[in-house]
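In what follows, a structure is listed as structure tokens, so that the remarks can point back to it.
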Amino acid sequence: MENTENSVDSKSIKTSETKILHGSKSMDSGISLEESYKMDYPEMGLCIIINNKNFHENTGMACRSGTDVDAANLRETFMNLKYEVRIKNDLTCKEMLELMSNVSKEDHSKRSSFICVLLSHGEEGIIFGTNGPVNLKKLASFFRGDYCRSLTGKPKLFIIQACRGTELDCGIETDSGAEDDMACQKIPVEADFLYAYSTAPGYFSWRNAKNGSWFIQALCEMLKKHAHRLELMHILTRVNRKVAIEYESFSTDSAFHAKKQIPCIMSMLTKELYF
């Protein structure tokens, strides 16, 4: 269990103090080419990390201590997976929207996928720029199939480390037992997205000032261990278990002490994803 004091990524709460191989999988691997994403384009793709740590005074939002640890951990993890990582720090709402718009207009035709990581304060459906709220759906909409054609049919992953409300999870004791053909297909514009949230809807998301957020720590660890052999949803299930079992908040404020967290994955992916 973590035993250093933890914070939550909510705007309303002050701080309480080996080589990775990639490519399309052959039939010899037991993975059908028709059921898994083509990942042997010349480039794996972009990984955009928006790391919002310091917020305008008039927002009343606290500094997100520990987020730089998350950003560095993510950078190392996705660079090892051969992604082109771009970190953007302390962006306003307008800057976040402009960044997403500009990136969506790039030519992704030689890229296998796209990843965006959002590290900030949040509420349900909302991520915060340094000066206020941005609708998460608006940020992601730039990469819909009808807007970003060069990513159509390719996996688009959004990883969100932020609160989704103000509920606290006290936990409960439990027994210990038991070349593709997309040109001739019509697909939904919202297809091939995955949203990996650090917490369930309505709940706080925890972050440690020294080690970073629980979710990002677990995500990076599981990717480093399993990205070369497990499908993405299997990896994320292991992330869920690690966060749920191994982490518990420690706070001098009894209202925030001994709390739990469970990540939440929402997938519109249409194929299996192997890095």
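Sequential numbering from 1, following the chain as shown.
Including glycine, each Cβ sits where the backbone N, Cα and C put it.
Annotated in Swiss-Prot:
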MOD_RES   M1  N-acetylmethionine
MOD_RES   K11  N6-acetyllysine
MOD_RES   S26  phosphoserine
ACT_SITE  H121  active site
MOD_RES   C163  S-nitrosocysteine
ACT_SITE  C163  active site
Three-class DSSP secondary structure - H121 (active site): coil
Sparsest Cβ surroundings (other CB atoms within 10 Å) among the recorded positions H121, C163: H121
C163 (S-nitrosocysteine) versus H121 (active site) - Cα distance in angstrom: 6
